[in-house]
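Let me begin by presenting the structure, written as structure tokens, before commenting on it.
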């Protein structure tokens, strides 16, 4: 088991290395000069040259790459070109709203989607099944921000139940945090629920046809136990996989949702940095989100063996 | 020649594709309605220049944010441009982006996947690159590409296409890996067929069915991604209306005139819904085993 985890950890190294090379080249090889952005329109060539030298932009690509990787290993993510604040500080300030919203969304989605998928499979080809499937196809087809605006229109503007936008840290005022976080979480959850419910249903349908499910029913195990203990546990691996790969969807959802609801998280931070061409922030954020994505999927791979004892490494 | 045993397994997927419209007829209501909706949207978009009542770009300050009237079927936007004309013309561009992204990512993914699946040396390098491309959140990669290359139509298509390629490569590769052990491929190798011929004539046809399905999903998600890019400020510039940038502009006036988001949003959702439904149907029809592979 430990050997397996180590092996998987090692396999992550080339992936992250390629991501780093890719992000680095992406920013160097596209038109647009960070020095020109920093200096503004009125800059003289001499000023531009000075900025380039101070940023190391005149060094050969390989040297620049080496410097950057060296900094990364020392935990230095660089300094924002625009606000002059170290990127790690910016991330530290803005990661909590994102983590809070994302965690709430994942918990909410799993709690909603898994029972939905189980019921849809259990009541296969009935109205309940069709309702779940319709929801899941619909969830894939409506852009996240449209869902967000519909929620704002209905719950905040028409019904006036919830505040329109904004964010309050839970440590400051938990009630306010909840009232502001509900709509973003529901918005984000729509697509995630659609994805997980669909996979749960498909996976459960397969398992429910197995002999041991028939045996369990025949020996009089209650239906709830059959569904959740016998069937769901065996159907869990694809469901977990989709929760992991769906994490990519969640990231893109977070980026959009933070803009819709005006939440100061790292999604907004990244988009703002990209639009302003704040190179150090872009590099750091893309690398960071990719690393998070890779590690979450690694953890899920490891979790398989705990959930499903048939998988042994 | 490997003709003796090859044709059956080679032609099957092609025949499957050709008979798809015939089999669609036997389907239930859902996919049928989806097909009709999609055909209407495509025709309406294709013929748009023939019937739109106003120039979708004509700015008219007197008619800012007007409601629906005889003159403006769905009202006007913040610049007094006709919403109906913009939504219809926007559909043209959005559909073009969807189909364009699907065609480009499927063709490139097919080429890379065939090579990767057949040549072991290339495989390990290509797959590492593909894995790392997949690790980068696609939306961030896409905004970065557009922000760095400028908001042209082509740069948006390229930005949407690049993150999709690894998924196509994986699919093609998985098909090639199973098929390359088949006797007819071995026979072709033994008979000295050239490598391009083996790849193209013996392996490629097997990927067509799953690629069609994958292509429909890419098309749907490309249209959605375009909308998200526009929303985040990294989409096609508004001289070329798309469903996405009409909504993106509309969100500033959302509280005054929700229909600026509603109409393009509705058309976009209907379109994606239909494409997804047809994709699901095609998947079930072409190859029931795909359901497992997708997982």
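Cβ from N, Cα, C; glycine included.
Among the features that TrEMBL reports, transmembrane segment is placed at A:9-27 (among others). Long-range Cβ contacts of the transmembrane segment (A:9-27) within its own chain (Cβ-Cβ under 8 Å, at least 6 residues beyond either end) map to 64-65, 68-69, 72, 279, 282-283, 286-287, 290-291, 294-295, 298.
Annotated domain 'ABC transmembrane type-1' per TrEMBL: A:95-300, in sequence order.
Long-range contacts of the transmembrane segment (A:99-122) within the same chain, counting only residues at least 6 positions beyond its ends with a Cβ under 8 Å from a Cβ of the stretch, are 128-129, 131-133, 135, 169-170, 177, 181, 184-186, 188-189, 192-205, 208, 223, 227-228, 231-232, 239, 243, 250, 254, 257-258, 263, 265. TrEMBL lists A:99-122 (among others) with the feature transmembrane segment.
Listed as Cβ neighbours of the transmembrane segment (A:134-157) (distance under 8 Å, sequence separation of 6 or more from its ends, same chain) are residues 116, 163-165, 183-184, 186-188, 190-191, 193-195, 197-198, 252-253, 256-257, 259-261. Residues or ranges marked as transmembrane segment by TrEMBL: A:134-157 (among others).
Here TrEMBL flags A:177-197 (among others) as transmembrane segment.
Long-range contacts of the transmembrane segment (A:235-261) within the same chain: residues 97-98, 101-102, 105-106, 110, 114, 117, 143-145, 148-149, 152, 165-167, 180, 183-184, 187-188, 191-192, 195-196, 199-200, 202-204, 206-207, 267-268, 270-271, 289, 293, 296-297, 300, 303-304, 307-308, 311, each at least 6 residues beyond the stretch ends and with a Cβ under 8 Å from a Cβ of the stretch. Among the features that TrEMBL reports, transmembrane segment is placed at A:235-261 (among others).
Outside the transmembrane segment (A:281-307) by six or more residues, the chain places 1, 4-5, 8-9, 12, 15-16, 19-20, 23-24, 27, 68, 72, 77-78, 80-81, 87-88, 90-91, 233, 236-237, 240-241, 243-245, 247-248, 251, 266, 269-270, 273-274, 313 with a CB less than 8 A from a CB of the stretch. Sequence annotations record features per position, and here TrEMBL assigns transmembrane segment to A:281-307 (among others).
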